[in-house]
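**Q** Input: one structure, supplied below.
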Amino acid sequence: MSDPRKAQEQEPTTHFGFQDVPESQKAEKVAEVFHSVAAKYDLMNDVLSGGLHRLWKRFTIELSGVRPGNRVLDIAGGTGDLTRKFASIVGPTGEVVLADINDSMLKVGRDRLLDKGVAGNVQFVQADAEKLPFPDNHFDVVTIAFGLRNVTHKEDALRSMLRVLKPGGRLLVLEFSKPGNPLLAKVYDTYSFSFMPLAGKLITNDADSYRYLAESIRMHPDQETLKAMMVDAGFERVTYHNMTGGIVALHRGIKP
């Protein structure tokens, strides 16, 4: 008879913030975080970034090159900031799919967009970035904003994104990264591990989720490492743009 404790010991581990957890548990733990913060996610984004997240997303939209009639996949689309803008660009002949693995975030995004009259050319799909349930060569543009760091197997997710893109299609990864200036990095560390959990406690009554978010940012690959991962996954002409001193980076890659 097999010993379940030995099986757990042999299971590969991954990071959940600064903790090492069995790979099979990470998705569930991340889900708990976003179930907790979904209702006030937009408010917290504004508070924690001072509204800068709107500028970062605007630049993502500009660099995406989305045009009328395009088909766009917004992975980890959450409350629908990018989806709403993309839907207005692609128009009635195009399509935007807002995909999120977390049903609480997906519901908030769907309700928010429907309240704003965004309908007709938008679909909402609960989906795992590592195993996207879409046909090969299907989308003109795929985006993932502030979601890749929460994925357990990032390499698998990047390959899955490549698969669903049309040849010549573009992937854009907007994510927290590593500041290049040591002084800025020190200030950012203090802000992340002091102010973020405090704000989480005061606004959502959940300091732990925002402590995890700060830790997950530190564990995410830096700019050059993520660029190399995208190249290894099969993307070409991979570039990145640092924003706010490298606190955030936007990577773009093209499917051959």
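Placed from the backbone N, Cα and C atoms, the Cβ positions cover glycine too.
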**Q** Per Swiss-Prot, which of THR60, THR79 sits in the S-adenosyl-L-methionine site along with ASP100, ASP128, ALA129?
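**A** S-adenosyl-L-methionine site check in Swiss-Prot: besides ASP100, ASP128, ALA129, the record includes THR79 out of THR60, THR79.
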**Q** Under a criterion of Cβ-Cβ distance under 8 Å and sequence separation of at least 6, what residues of the same chain contact THR79 (S-adenosyl-L-methionine binding site)?
**A** ALA38, TYR41, ASP42, MET105, VAL108, GLY109, ARG112
**Q** Given the binding-site residues ASP100, ASP128, and counting only Cβ atoms in the protein chains shown, which has the most within 10 Å of its Cβ?
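**A** Answer returned by the neighbour count: ASP100.
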**Q** With the S-adenosyl-L-methionine site defined by the record as THR79, ASP100, ASP128, ALA129, how many Å span the farthest pair of C-alpha atoms?
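**A** The widest Cα-Cα gap among those binding residues is 17 Å.
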